[in-house]
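In what follows, a single structure is set out as structure tokens and then discussed.
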Amino acid sequence: MSTARFIKCVTVGDGAVGKTCMLISYTSNTFPTDYVPTVFDNFSANVVVDGSTVNLGLWDTAGQEDYNRLRPLSYRGADVFLLAFSLLSRASYENISKKWIPELRHYAPTVPIVLVGTKLDLREDRQYLIDHPGATPITTAQGEELKKAIGAAVYLECSSKTQQNVKAVFDAAIKVVLQPPKPKKKRKKTRPCVFL
């Protein structure tokens, strides 16, 4: 019997976008009700995806600026990044391009990225939107647009509270590592035939 392949998956994104909740929801099927800013936490689980067993190492990072110098230490050896933003925070969405992509490409230029929009359950929650008049929900189309702009392998939206698509996020991360997307072939420019 062969040993399971180890995959290091690192969550990255602004503080309070739901990175830790997503990890807890995935690993324990529970939703934490209190917000506790993360320093660094690691989880490990054996997971079967498409018949392959992998040992998925989950690394949580703190998005707060206080950790800008520490956070990159967790990037070493990463196989895939889960780059998260809140579907209810325009600032966290904009920081994907402004802050996170430059940081990830500086420290880990070739590691694939799964872009994740979190808090999906709140995007259509009328009461939440009434209580938070400044919230401008990010649409699925905007998420797909950002995926293309940053060169992410996949874009998914999830809710840690309802667990909608949470497993799909981690399955996608594993698949990106096990079956990397084939690079697109550049078509050669052909000259038209000219007969004399």
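Including glycine, each Cβ sits where the backbone N, Cα and C put it.
Sequence annotations record features per position, and here Swiss-Prot assigns GTP binding site to 13-20, 60-64, 118-121 based on similarity to another entry. For Cys193, the entry in Swiss-Prot reads S-geranylgeranyl cysteine, with the evidence type sequence analysis. Annotation comment: Swiss-Prot describes Cys193 as cysteine methyl ester. Marked as motif 'Effector region' by Swiss-Prot on the basis of sequence analysis: 35-43.
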Per-residue Cβ crowding (10 Å cut-off), top of binding-site residues Thr61, Gln64: Thr61
Cβ packing number for Lys19 (GTP binding site), 10 Å threshold: 26
Surrounding CB atoms that lie within 10 Å of the CB of Ala16 (GTP binding site), all protein chains: 17
